[in-house]
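What follows is a set of notes on a single structure, which appears directly below.
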Amino acid sequence: MLTLPTQTAPNSSTSMAPTFLLVGMPGLSGAPSWWTMPLIAVYLLSALGNGTILWIIALEPALHRPMHFFLFLLSVSDIGLVTALTPTLLGLALAGVHTVPASACLLQMFFVHVFSVMESSVLLAMSIDRALAICRPLHYSALLTNDVISKISLVIAFRCLGLHLPLPFLLACMHYCRPQVLTHSYCLHPDVARLACPGAWGAAYSLFVVLSVMGLDPLLIFFSYGLIGKVLQGVESREDRWKAGQTCAAHLSAVLLFYIPMILLALISHLELPITQHTHTLLSYVHFLLPPLINPILYSVKMKEIRERILNRLQPRKVGCAQ
């Protein structure tokens, strides 16, 4: 049975303990083997799907275009995110390990948020790419040059590393007035920061990081789609509208898949809605684990260039085996 650490007096403070305590999936702590295989399957399928996208874009010169370069970065962020989450998830599922050293917890927290911000930033860049392609088709090549793409990549790298690099050090130096029990199966900085003593200024920085990325990016993405929708309304041909809409279908699906669970979790947390821990934990898993699993399928199905080149690369191997 999971035992909680001794409560600390409300008016006292302690430095960070050597370990944090993770909480697994409610109702499955007694039978961890039940959710081991799904977790392993999700990781392997995510790695295979995103690895295939990386492989095909790297090998095909025809796919060395801005849209596919951003898709390449999206697959990198998906693989990084699911890899950062897997150690503690499998530790809980395979061996029921609830304790995690503070250093490992902060390291996991850093990489989870770096790759989450990378995914959000790439989704924003992809929405700008689609908006330029549809709203300014004649100027698209002149606007998204290799130099511009390089600058966008540097901005994404700065957002991922620059904003989150101070967080582990801030949280390691803060004082904690509550038992260091987390509410998830992995380490997240809002979860760690809430355990700090009231008035700890590191929590304010954490909030700033969340709002400056996860609050701003969805607004800019939907603004881009507002511009796209306005342009498509002026297109007389239904066939042209359909083709333009299809170019955005995979990206819009990825955006909804990534942001809807996150928005629901934020509303549940801030409005203190009466949601069971099962539902809260499930939404958290959906937010972090489902996009890396589904995104490669979405782009392989919706993007003809990706689908055809994957089939063309696999076809010679099948012929060779048949002989």
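Cβ atoms are placed via backbone N, Cα and C, with glycine included.
Remember, TrEMBL labels are computer predictions, not curated facts.
Database features, via TrEMBL:
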DOMAIN    49-299  domain 'G-protein coupled receptors family 1 profile'
TRANSMEM  34-57  transmembrane segment
TRANSMEM  69-94  transmembrane segment
TRANSMEM  106-128  transmembrane segment
TRANSMEM  148-171  transmembrane segment
TRANSMEM  203-228  transmembrane segment
TRANSMEM  249-270  transmembrane segment
TRANSMEM  282-301  transmembrane segment
How about the transmembrane segment (34-57) and the transmembrane segment (282-301): at least 3 CB pairs under 8 Å, pairs 6 or more apart in sequence, or not?
yes
Report the mean pLDDT of the predicted model across the domain 'G-protein coupled receptors family 1 profile' (49-299), rounded to a whole number.
84
At a C-beta cut-off of under 8 Å, are there same-chain residues at least 6 beyond the transmembrane segment (203-228) that contact it? List them, or none.
113, 116-117, 120-121, 123-124, 127-128, 130-131, 134-135, 159, 163-164, 166-167, 170, 174, 189-190, 193-194, 196, 244, 248, 252, 255, 259, 262-263
Checking distant contacts: for the transmembrane segment (249-270), what same-chain residues at least six beyond its ends satisfy Cβ-Cβ under 8 A?
74, 119-120, 123, 126-127, 130, 214, 218, 221, 225, 280, 283-284, 286-287, 290-291, 294-295, 298-299, 301-303
